[in-house]
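Student: Pasting in a structure now, in structure tokens, and then I'll have a few things to ask.
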Amino acid sequence: MLKVIEGQNIFSSASETQSYSLKSLINYFTTSQNKMFLSSISFNCELWTISLSSNNSFIVLGCEDGSIRTINLQTKLEEYEIASHSKPVSILHLTKDNKRLISASQDGCIKIWDTEKFKEISTLNITPSTPNSLIPTPDGKFLAIGCSDGIIRVWPIEKLSKISLLKGHTESINSIATTSDGQYVATGSDDFSVRLWSLWLLQEQHTFLGHLSKVGTVTITSDNKFIVSGSEDKTVKIWNIKEKNQEFSFKGHSGEIYCLATSDDASLVASGGQDKTLNIWSIANRKLDFSCAENTGYVSCVKFLKSDKYVASGCYEKIILINIKEKRIELHFEGHRNFVMGIIVNNDLNVMYSISTDYTLKTWDLSEKSYINEFKGHGSCVTRARISYNCKLVITGSWDNTVKVWDLETFKEICTFFGHKDYVTRIEIDRECKMVYSGSWDSTVKVWDIEERKEVYCFLGHNSGIFSMAFCKNFTLLATGARDGLVICWNVKTRKKEIEINHKEYVLNLDFSNDSKYLITSSVDREAKVTNLLTHTVERTFSHEIGLTCIAISLSNLYLIAGLGNGKVHIWDMDNFSNDFFISLECSEIHFLHVTKDSKHLIVGSQCPYFYILSFPDVKEKISFNCNDTVTHMCIDFTENIIIAGCSNGKIILWNLIERRQEAVFHEHKGQIEDIFICANMEYFITSSKDKTAKLWGFDEILQTIMKKSDDSFEFDLIRENSSLNLETVSAVTENANRGQSSMFISCNPTMYFTGFRQRLSKRSFPVSSDCNMILPFGINLAHIYVILGLDKHLLQALYLGCPIRKDSSGNSPMHYAICKDSQKCIEAILDFLIYFSKEETEYHKYLEYSFALKDDIFDIIQNISAHVSDYLESMFRVIKDTNLPNFVHEFQVPLVISSPYPKVYFESFTKKAKKSKLKNKEVYVEFRATPIEFILSNGSKGGLKLLMAISNARNRKIFKTTFIQVLIDHKWNSMWKIIIFLTIIQWSNLIVTLGILFLEENIYILKLMSIVVNLVLLFPEIIQMIYTSPMNYFKYWRNRIDVTSSIINLTWQILMVFNISIALVKWFMVLLNFVRGLSGFRAFSSTRYYIRLIMSSISDVTPFLFIFTYSTIAFGALFSASNTNNDLSAFQILWKMPLELSLGLENNVQALGLEYAYFVLISVFNVIIMLNLLISILGNSFDQFQVEAVEVDYQEKLELIIEVQCLCMCFSNNKEKGYIQICEPVLKDDKKKTANRAEEIEFRDQITAKVNRIEKSVGQLEKSNKMINDKIDRLIDKLAKHAQIQM
């Protein structure tokens, strides 16, 4: 009975895609997979052995019931079931031509079968012995059988002649292996020996002794140099075939060795055994390379896969895949329910098959491809690949002199065009998709009819190889450029020559203007020519001393841009020949230029790892991308949002120009990328490479996966760290995910990598490098997932492995989710990584990319309590190291802060906004700093106010010591100081008016009018600040409450005066609040700002003391009441006045010794001695703490005034222009640093000395006060003594 069970349907059609959410997606990723296999076929007996045909068409299984079964891999149906043996079939082997099958059984019989109809050809019965191991020679002529009686039987497969016997072992032979040439076989036996035999001579060559127990398995390395043996004595030994000796022995297992495998390059040995351990040994280094102890039972089988990239080991219920290079577990293939008995991989290396004693054959996907299809067939480098305009055909040209046409639906080759005698360098297809044009180094351009599948015309006219070819926009003209410098423009319809343009050397580039009016050509002869296609004349010739490598023309035909071989870009004004200019880039030869449709940006690529997005026509760098390898080809999509870059190492990278980030990276090609082409409907793009292949990619599918937005807002309490998910609840969600989601993104990722990615997430294992580049829905990546799951350690490792910090399709970064979840550990992990990353000079482009992703989170970051915030802000405003920037300036005064539209620092940006320096002859040594994020610096902007409020609300006050915050506040202060001085004058004028009203006649109406006007003016900014910062935030600060209250009471008093109502309390509060408010005016000056804050800080620190002092004073007043006999005193006098006066040193003339004297002594000791010392201590600590925080306090005071003025400016303007904050600031030269450091040391010493002097002075004053108090106590004691004598 055969039963087929399909595994996860990970290749469902896109039409089944249903709407899904970020919530369900995270559940889908973190839920363990019950069915990882592609398919499972069940039988009614145990499966013991497996063999796969070389053409991958069928599998043969040997069963425990003695039967042999064949499975058609296309239909997944059992084709044959043969009752071949009476006991379990233990060995199966197919010959290389798949014509013969050899089976061996425990019934003592070896049989040879014809695989065409699976008929038995011959049987060898060796009973009572049994075949323990057998192997056919590589040429398929002989079969070597190791038997339980210690004899090797050599059986000719085809001739079926007499069997040869090789004797020498004294015990059962357990394993046999052959060399790749079939000359030798090696055997391992229970007699502890390993023997080498010659099949050609049919005799023993050598006996290798050294094992201390039974030899259970042997194999021979692919280079035929070594025999590898595994034994019951727990060792793996390497024997040298040529030298006939033991090379070395591996010790590391704690149990018997059951299985061995050697790598294809003969450098590694994998061993598995009874101890549940898989060990990988290095033959060259003679040591253990990697050990895996996660097998759930003894290791029953082991195999190297994918050109030695992986090792697979079978054990109880699962197969473990080991990544050899990275020395880690790649994947657990889980699904079997008993021991895995055999593993085999098809020749395409995409599918693995396994059998088990659980009666099943399972199929596992080992695909590592991200592309849709690979076009293989050319014999050399594929130079060009094109997709037809109807998106039904693919055309490729190659150095094998051929052009191939492929069907885009079936991916099958339609035809091959032969005719060129040299390399095919260029191909194009017409708009009707009927003709293919190919240019070759044989100096011809051929026209091929796709339907007729033949050459229909050949353009002759060139005398050397074709280097460039292009159609005009309406496909009426075809231009070709050759090595001899000749450019010919052909009429496609008449197939005649229209124009000839002569250069002196080979022509690298051709480009038609968008209106097909001009043809622009450039050559190695250092000239670019603009030819008018209407007049057939060369209108302009532009020359340069450096070779022109590429050209482009703006959409409006106003500018001609040329890339040069020295990394420069030359721009000419087409109307004004003399108006030209250069831009130098930090790169080598320019090979790609593109002017955007709006003519605002120029994209420049070169033969270096970088390409640039420049503003146009002023040509300033706006973005730069680092591909970390030489860029060989670039292509931009029709929306001009995505650039695809191909590299010399075969890497392909998709860059998002809008979001300024890397969208995807692929490592599928094994050679340099030669060409990239995006089809007309942007559904696909195709790449060609020196690896002789072209690959088709799902461009639209990749973008749709990344750009699709979530259908819900994520609930952060859904998944928490270490939470146990309810799988029953999730099952309905994941069912939809399996159908819909997988079709959206699994095809964008290698299946095996994606399966491992899910498995590591479900097990909460740490990530690997392949996890960091997964293409996932909503534009999320591993960083988003780890933040949502709260796995901060996993997050940090992922970031260091290269997981990018990016926004998802909803515009949210990992930092956004961390802040929303209040996951402080994740916040600190991201900040810690960014601080580290900012120090890597070579990764500055990547740092800019990550910072751009965090630009919407910067205000939340500033307000976060993390200790890393200050370090992050400091690292964000880093010193720019650019050789194009000067080290000395004399053109302007420094420091100078500007807001630039470009992230790159340009010196001319400073000179344009600078004032002339008064010291014109003096140079200043400077450095430049810049932020990676744009801010709004202008006064009166909402964005600027939001930034200032974020700084004001920061919980980590150390940010005020960072360069960024200080530069920002100083810049704002300098731009607002006139307004600040004006407001200060208004405040102090209010005091003058108040004094005038108090000491002059109150009925002077001019003073009253002035008071009303001044207070209205003062109230206006407060109301504006309240509106823009919200009443709740405004009234949070005590100073704002005083300002508003003061203005209101002033106006109230004036109104009362109009009605001749005089209330002394209102007047008293008016005066008090006016003078308190007047203190704010001192904040405008650096010399007094410090003391205002010190007063406020001291009051704040003394407040608790005042409560205790009040309590003690009232307490002593109560004691005085108990001892007082004078009933004329009021309660106020008793409870407060009398004890307070005594505390202040006012003596009371009490002559008698009694309770009153005891009261006087207590209050003197407590309120005078103890409380006074306590007050001195509190104020001393307050002053010391304030000294430490002096810088922070100074900038906080500035910030409060700046916010008030910013709100006031918003009434008159709202400039939303953003820019990168950049500063040119003075620094000391290296030769002056020692002097500066010495000066700092002296200053620090002086500060310490001054502080010590102040302490000593304070101690002296304290001792003097203490002496005075002691003298006072002595006088009181003397009085008490005299009083006592009088009483006596």
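From the backbone N, Cα and C atoms, a Cβ is placed for every residue, glycine too.
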Student: From the ranges 1012-1031, 1192-1211, pick the one that TrEMBL records as transmembrane segment.
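Tutor: It is 1012-1031 that TrEMBL describes as transmembrane segment.
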Student: Residue list, the transmembrane segment (976-1000) vs rest of chain: Cβ under 8 Å, 6 or more residues beyond ends.
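Tutor: Contacts with the transmembrane segment (976-1000): 939, 1007-1008, 1010-1011, 1014-1015, 1017-1018, 1021, 1050, 1070-1071, 1074-1075, 1077-1078, 1080-1081, 1084, 1201-1202, 1204-1206, 1208-1209.
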Student: Using DSSP, how many residues of the repeat 'WD' (333-374) fall into helix, strand and coil, respectively?
Tutor: 0 helix, 27 strand, 15 coil
Student: When only pairs 6 or more apart in sequence are counted, do the repeat 'WD' (333-374) and the repeat 'WD' (459-500) reach 3 or more Cβ pairs under 8 Å?
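Tutor: Judged by the Cβ rule, the two regions do not touch, with the required three close pairs absent.
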Student: Are the repeat 'WD' (375-416) and the repeat 'WD' (166-199) close, by which I mean at least 3 Cβ pairs under 8 Å that are 6+ residues apart in sequence?
Tutor: no
Student: Could you put numbers on the helix, strand and coil content of the repeat 'WD' (541-576), residue by residue per DSSP?
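Tutor: Reading the DSSP string over the repeat 'WD' (541-576) gives 0 helix, 21 strand, 15 coil.
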Student: Who are the long-range neighbours of the transmembrane segment (1051-1073) in its own chain, taking Cβ under 8 Å and residues 6 or more past its ends?
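Tutor: Here the qualifying positions are 994, 998, 1002, 1008, 1011-1012, 1015-1016, 1019, 1042, 1045.
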Student: Under the DSSP assignment, what numbers of helix, strand and coil residues are found in the repeat 'WD' (82-123)?
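Tutor: Counting residues by DSSP class gives 0 helix, 25 strand, 17 coil.
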Student: So which residues does the repeat 'WD' (137-165) touch in its own chain, when a touch means Cβ under 8 Å and the partner is 6 or more beyond its ends?
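Tutor: Answer is 95-97, 100, 102, 104, 110, 112, 121-122, 124, 126, 129-131, 171-176, 178, 180-182, 185, 187, 189, 191, 197, 199, 202.
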Student: Same-chain Cβ contacts of the repeat 'WD' (166-199) under 8 Å, 6 or more residues past its ends?
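Tutor: Residues 132-135, 137-139, 141-142, 144-154, 205-209, 211-220, 222, 224, 227, 229-231, 237, 239, 241, 244 contact the repeat 'WD' (166-199) from elsewhere in the chain.
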Student: Report the DSSP secondary-structure composition of the repeat 'WD' (417-458) as helix, strand and coil residue counts.
Tutor: 0 helix, 23 strand, 19 coil
Student: By DSSP, how many residues in the repeat 'WD' (375-416) are helix, how many strand, and how many coil?
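Tutor: Helix/strand/coil tally for the repeat 'WD' (375-416): 0 helix, 23 strand, 19 coil.
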